Amino acid sequence: MTTAPQPPRSGTQALPPGGYVHREPGPLRRALPWLGLAALAVGFVVLGYFLVQSMQGRQRSFSIYYVEQGWLRFLLFLLAASGVLALTSLIGQRLGQARTGRKISYAAVLGDQLTHLFLILVVLVAVYPLVYVLIAAFDPRNSLFAFPDFENPNILYRSGLLPNLDVLSLENFTRLFAGLTVPGWQVALAALGGAALAALLLLALVARLGRESAGLARARGWAMGLLIAAVALLVAFVVPAQFTGADNESKFLLSVRNTMLVSGLTGLLAILLSTTAGYAMARLRFSGRFQMLLFFIFIQMFPVFLALVAVYTLMVLLGLTNTFTGLILAYSGGAIAFNTWIFKGYVESLPESLEEAAMVDGATRWQTFLRVVLPLSGGMLAFIFLNQFIGTYAEFILANVLLTGVEKWTVGVMLLSFTQGQFSTKWGVFAAAATLGALPIIALFYGFQRYFVGGTLAGGVKE
């Protein structure tokens, strides 16, 4: 039995289709953002006032350039920038209204302009240290900062905000390659890898132009395979005897090789451990399964360095200090929990009917895992490997504790040695080494970033 719809009561307004009635915000809600901005501005003014009062009477540092009435110039700059933004916002509002025929709020346009200006300033602040380190890598004066050049007419150079570009050279980079001996077959292998990389860049450009095809995809796969094989062979067969320089900086490329070796093996071991454990957690039912999952969540709450003493004691008892084996085992143990949870969630998104069909045909649970689940998990396996590789490449604390010989050092430990000189810090060499050491991670991330974005969905089938 159903009830007929009742008409709206007298004095009440019938709701439109969808049941939503638009209401304009009240005056208080409109004023809240502006009141917040005003309070923030007043807070900065008060903070600046007390900062100026606290610095009065103190001796000025010779490394800081002071501009007379600088606060007034900065205020005039802000007023000029605000005027330009207000004018461009007005022009944008008029053009938008003329083009669309709809009313456009001037405050909304001005807010968008201010948002874009703020984001641009944030990007500049984030990029500035990287650019400065890059310039310092080409500065042979062994300096990571620039003193004010009071004779320069440009205020950016006069204040030391930008370094002097007249003294740039490759001296710091040549010190990193000093004493390196390379056999002919390694040169040929490096040339093959470079050719494969150039082919990948060319194929990526062709694909970006909209000329994607099956043949292009196969060629890209071959080029990627050649590049990975060339890099793997170079990493596996480069030996410490090839680095004959007397200083630590001459062995920096050896530390890059050590880091890539440890990171690659750790990534492979993470795939082996996390895929088997994640599949068992997702598909098998056994006692203690839920408690183990809770334990995995629990140990993720604590940073790695809390277990540093226990890990070091264990490695000493096993005789694995100053060895790649001990470092790889330590890294792999810390990677199990997170990667297992990731792979468990991915396996649970796959339809069980695929595995049931395979087992009906006579496949065992292990064969189902190898021949059904893993072929569908290519993107996820790449994600786990790359995530573990990058995390291991950037790790410093465990490597600094477990590795004691310069021939075993990773990139982070080698960079630390450049800042602990007996008489001076090698800032120029440090900047050059940091620039070169970041290149593998940059290339890896931009070459495989699609796995970071869509790796958790690759191979999924909707049932």
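Along the chain as shown, residues are numbered 1 onward.
Glycine is no exception: its Cβ is also placed from the backbone N, Cα and C atoms.
For 1-20, the entry in TrEMBL reads region 'Disordered'.
According to TrEMBL, the transmembrane segment annotation covers 31-51 (among others).
Look at TrEMBL and you will find 71-93 (among others) tagged as transmembrane segment.
Beyond its flanks by at least six residues, the transmembrane segment (114-138) meets 81, 85, 144, 163, 165, 168-170, 172-173, 427-428, 431-432, 434-435 of its own chain at Cβ-Cβ distances under 8 Å. Annotation source TrEMBL lists transmembrane segment at 114-138 (among others).
Remote same-chain residues near the transmembrane segment (185-209) are listed as 216, 219-220, 223-224, 226-227, 230-231, 233-234, 237-238, 447 (criterion: CB distance under 8 Å, separation of at least six residues from the stretch ends). What TrEMBL lists as transmembrane segment is 185-209 (among others).
Positions annotated as transmembrane segment by TrEMBL: 221-241 (among others). Tertiary proximity for the transmembrane segment (221-241) is limited to same-chain residues at least six positions away from its ends with a CB under 8 Å from its CB atoms, namely 186, 189-190, 192-193, 195-197, 199-200, 203, 251, 254, 257, 260-261, 264, 407.
Per TrEMBL, the feature domain 'ABC transmembrane type-1' maps to 256-448.
Here TrEMBL flags 261-281 (among others) as transmembrane segment. Residues of the same chain lying 6 or more positions beyond the ends of the transmembrane segment (261-281) and with a Cβ under 8 Å from any Cβ of it are 232, 235-236, 289, 292-293, 324, 327-328, 331-332, 335-336, 339-344, 346-347, 369, 373-374, 377, 381, 384-386, 388-390, 392-393, 410.
What TrEMBL lists as transmembrane segment is 293-318 (among others).
What TrEMBL lists as transmembrane segment is 324-347 (among others). Long-range neighbours of the transmembrane segment (324-347) within the same chain, counting only residues 6 or more positions beyond its ends whose Cβ lies under 8 Å from a Cβ of the stretch, are 258, 261-262, 265-266, 269-271, 273-275, 277-279, 281-283, 293, 296-297, 299-300, 304, 311, 315, 318, 373, 377, 380, 383-384, 387-388, 391-392, 395, 398-399, 402-403, 408, 456, 460.
Sequence annotations record features per position, and here TrEMBL assigns transmembrane segment to 368-390 (among others).
Annotation source TrEMBL lists transmembrane segment at 396-416 (among others).
Annotation comment: TrEMBL describes 428-448 (among others) as transmembrane segment.
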Does the transmembrane segment (428-448) reach the transmembrane segment (368-390) with at least 3 CB pairs under 8 A, where each pair is 6 or more residues apart? yes
Long-range neighbours of the transmembrane segment (293-318), counting only residues six or more past its ends (CB under 8 A): 281, 326, 330, 334, 336-338, 340-341, 344, 397-398, 401-402
State the non-local partners of the transmembrane segment (396-416) in its own chain: residues 6+ outside its ends, Cβ under 8 Å from one of its Cβ atoms. 240, 248, 251-252, 254-256, 258-259, 262, 304-305, 308, 311-312, 315, 320-324, 326-327, 330-331, 430, 433-434, 437
